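J.: Feature table excerpt (TrEMBL):
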- 6-22: transmembrane segment (TRANSMEM)
- 43-62: transmembrane segment (TRANSMEM)
- 74-93: transmembrane segment (TRANSMEM)
- 128-149: transmembrane segment (TRANSMEM)
- 170-189: transmembrane segment (TRANSMEM)
- 201-220: transmembrane segment (TRANSMEM)
- 249-273: transmembrane segment (TRANSMEM)
- 285-305: transmembrane segment (TRANSMEM)
- 334-355: transmembrane segment (TRANSMEM)
- 376-393: transmembrane segment (TRANSMEM)
- 399-415: transmembrane segment (TRANSMEM)
Amino acid sequence: MELFYVLMFGALTVVVAALELSKTGKDRMNTSSAFNAFKNNYILVYSLMMAGDWLQGPYVYYLYSQYGFGKGDIGQLFIAGFGSSMLFGTIVGSLADKQGRKRACVTYCIAYILSCITKHSPEYKVLMLGRILGGIATSLLFSAFESWLVAEHNKRGFEQQWLSITFSKAIFLGNGLVAIVSGLFGNLLVDTLGFGPVSPFDAAACFLAIGMAIIMSSWSENYGDPSENKDLLAQFKAAAVAIASDEKIALLGAIQSLFEGSMYTFVFLWTPALSPNEEEIPHGFIFATFMLASMLGSSIASRLLARSSPKVESYMQIVFFLIAPSKVKGGSISFSGCILVVGFCAFEACVGIFWPSMMKMRSQYIPEEARSTIMNFFRIPLNIFVCVVLYNVDAFPMTVMFGMCSIFLFVAAVLQRRLMMIAESQKPKPQDWTALERTTEAEPLHI
């Protein structure tokens, strides 16, 4: 293993530890024991869910390549996953508001476990089925769990500000520490113990099964829209009206799509970017380094969210602007390769800031009655963008692909500034969901 990777990992570890140990009273909030028990239960489940996801991340591209598929075929498999998330995942995710968020979370576990099982087959059609199941699961992961948390938090009467604690801790552990351990554990399974590139998927299925058991035994059910007779189409229409009638919600959706589109493009391209000539690289260790950088970002976010100033709408525009102008060139671990790894780590740090901050803004602006539905609406343009990028992955040089990501991030910075200006000019108002329902029933939808 290259010494640079070890030094980078060590340096990030020191910085994250220093940030966490230097927290003062201003960086923390006093909470109740009931809330702490609730928060810890959710974080445990969320961490297990993310372990199931992160164990797979570094080895998806690698496994497909080991089965003999080229970059174009692998791109098609990735397209199937994002297309499934857009088509089927949006419908399944939206059913969470009507049929129950707990059921949706259990559905996520089942779909992802089945997706892991398909990885044992080198048959393209079976792998395609696995990507479709994975796409559905991804939509549920990034909508149903957050929707359940916000609804349950409010139902139990906890203070609204405490939500930011759960968000930042969940990202710090689930998207940080758990991701690091998952990367190192995957590296142990594949490289050290020699169990092969499919072994992380088997381990992921085990963690997902444990998490599902905890959900079924300790979580209560909650719902979004309380109406008995509204069908799924009417629910979609009401959610679309909410987005079209409230600029803050529309801006959140655009910002999320632009950022996550760039992030998922990075997920697909970082392996070929660091090994342009198919050099052997320690996938799990590099992935763990990226997640440590993300952990650094979430640690910074927890400090920012615990304070009344600066507002989340304000500092997020700086986050997008800082990472937008980056230029990327492929290379091995030469000097240019080292610069590339540092740039990727900087991006991952911004990802760590993005997630809890976006969750906080969504909890403020998205109506509870259709939270999962609206959040899955946000993923439609995201999935379209990623599918277009992956479909044309062989048509453009890697610098062009990353350049497009830079443009989208710059646009996200501009939109975030617009959101900040709106937030400063008016106080957030709760959505009148009943009025939106009457609107969709009385006249056809025009957006």
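Keep in mind that glycine also has a Cβ here, set from the backbone N, Cα and C atoms.
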J.: In the same chain, which residue numbers or ranges, 6 or more beyond the ends of the transmembrane segment (201-220), come under 8 angstroms Cβ to Cβ?
T.: 41, 44-45, 48-49, 51-53, 55-56, 59, 63, 102, 105-106, 109-110, 112-113, 116-117, 119-120, 148, 152, 185-186, 189
J.: Considering only the recorded stretches 6-22, 43-62, 74-93, 170-189, 376-393, state which has the highest number of Cβ pairs under 8 Å to the transmembrane segment (285-305).
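T.: Ranked by Cβ pairs under 8 Å, first place goes to 170-189.
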J.: For the transmembrane segment (128-149), name the stretch out of 74-93, 170-189, 249-273, 334-355 with the most CB-CB pairs under 8 Å.
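T.: Comparing 74-93, 170-189, 249-273, 334-355: 74-93 has the most Cβ pairs near the transmembrane segment (128-149).
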J.: Near the transmembrane segment (43-62), which residues from the same chain, at least 6 beyond its ends, have a CB less than 8 A from one of its CBs?
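T.: Contacts of the transmembrane segment (43-62) (Cβ under 8 Å, skipping residues fewer than 6 from its ends): 74, 105, 108-109, 112, 116, 141, 145, 166, 169-170, 173-175, 178-179, 181-183, 185-186, 190, 197, 200-201, 203-205, 207-208, 210-211, 214-215, 219, 267-268, 271-272, 283-284, 286-287, 291.
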J.: When you scan the chain for residues with a C-beta under 8 Å from the transmembrane segment (334-355), skipping those not six or more beyond its ends, what do you find?
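T.: Same-chain contacts beyond the flanks: 4-5, 8, 12, 167, 171-172, 175-176, 259, 263, 266, 270, 273-274, 286, 289-291, 293-301, 304, 316, 319-320, 322-323, 326, 328.
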J.: Which residues of the same chain, at least 6 past either end of the transmembrane segment (376-393), have a Cβ under 8 Å from a Cβ in it?
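T.: Cβ under 8 Å, 6 or more out: 71-72, 75-76, 78-79, 82-83, 85-86, 89-90, 93-94, 139, 142-143, 239-240, 243, 252-254, 256-257, 260-261, 264-265, 268, 401, 404, 408.
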J.: Taking a Cβ cut-off under 8 Å, which residues six or more beyond the ends of the transmembrane segment (6-22) line up next to it in the same chain?
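T.: Non-local partners: 285, 288-289, 292-293, 295-296, 299-300, 303, 341-342, 345.
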